[in-house]
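Below is one structure, written out as structure tokens, with a few remarks after it.
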Amino acid sequence: MGFFGPHHQLAFIFGVLGSIVSFMVFLSPVKTFYTIYKKRTAEGYQSIPYMVAFSSSMMLLYYGMLKTNANLIVGISCFGCAIEIIYLILYIVYAPKRDKVFTVKWIILFNLGGYCLIMVATNLFRERSKRVTVMGWVCAVNSVAVSASPLGIMRRVIRTKSVEYMPFLLSFFLTLCSTMWFFYGLFLQDLYVAFPNVLGFLLGTAQIIIYVIYKNGNKGVEITEKMQKGDMEGSVGDINPCFPDHEQEIKEITIVIAEKPVESDEMKA
């Protein structure tokens, strides 16, 4: 049937590889949330990528349940939903009040409200194949949104010339994940899975390139701060009489002042 035929064995291999990489993608923000936990604040971080990832996992879970022989999609989507819920709870706990309100509002409207609306809309179609088609397009749009969600962070990196808020592992594993799921969809002739991952690969590659370009920006900021701190300490040292370099000068001044009255008394005598 040719290379582009439904090679189920190759599809299964890439599906397993895609599931493994997806598992690592879902775990890659652990370091970020550990940093948030240590700082006791999520200020500077965005919740949008995690809300979009949660929505995508929910949609793919429903798509996998509608479609036959999609156990790999169902399995990794279940795990994705669970881990994204944990991330969003942690974000809400440590985020500033303004970001908390924003995140909760969009979880209710976008994740829960949107999901329920799509489920009702797809169930209006009696034929299962039509429901699969509708959910396929919904999942394709969601996958594109997941791939594009870090664009705000990329813009911030370019503006600040710092990669502090751009997790490299997440960008790397998203690129690798897009590659695996592209071949999975290609071998199964599932365009709803294959097509969005082309964009995911391109955007993931762009994130890695940006990270490589600006990865030394953080070091530059730290060096500048240390130099400024050193200059401040040097300025304080110039006026602080407690530094050893100035102790001898102070003693000499004290001795001169103390000796002058003695000389004047001798002259009077």
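Every residue number used here counts from 1 along the chain in the order it is shown.
Heads up, the Cβ atoms here are built off N, Cα and C, so glycines get one too.
Feature list (source: TrEMBL):
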- 12-36: transmembrane segment (TRANSMEM)
- 48-66: transmembrane segment (TRANSMEM)
- 72-94: transmembrane segment (TRANSMEM)
- 106-126: transmembrane segment (TRANSMEM)
- 132-153: transmembrane segment (TRANSMEM)
- 165-187: transmembrane segment (TRANSMEM)
- 193-214: transmembrane segment (TRANSMEM)
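Within its own chain, the transmembrane segment (72-94) has Cβ neighbours under 8 Å at 12, 15-16, 18-19, 22-23, 26-27, 29, 33, 36-37, 39-42, 45, 47, 50-51, 53-54, 56-58, 60-61, 63-65, 100, 103-104, 107, 184, 193, counting only residues six or more beyond its boundaries. Within the same chain, residues 4, 6-8, 10-11, 14-15, 17-18, 21-22, 24-25, 28-29, 31-32, 44-46, 72, 147, 150, 153-154, 156-157, 193-195, 197-198, 200-201, 204-205, 207-208, 210-211, 215 sit at least 6 positions outside the transmembrane segment (165-187) and bring their C-beta atoms closer than 8 Å to a C-beta of that stretch. Beyond the ends of the transmembrane segment (193-214), by six or more residues, the same chain brings 73, 139-141, 143-144, 146-148, 150-151, 154, 157-158, 161-163, 166, 168, 171-172, 174-179, 181-186 to within a C-beta distance below 8 angstroms of the stretch. Sequence-distant contacts of the transmembrane segment (12-36) (same chain, six or more residues past either end, CB-CB distance under 8 Å): 42, 45, 50, 53, 72-73, 75-76, 79-80, 83-84, 87, 90-91, 94, 167, 169-170, 173-174, 176-177, 180-181, 183-184, 187.
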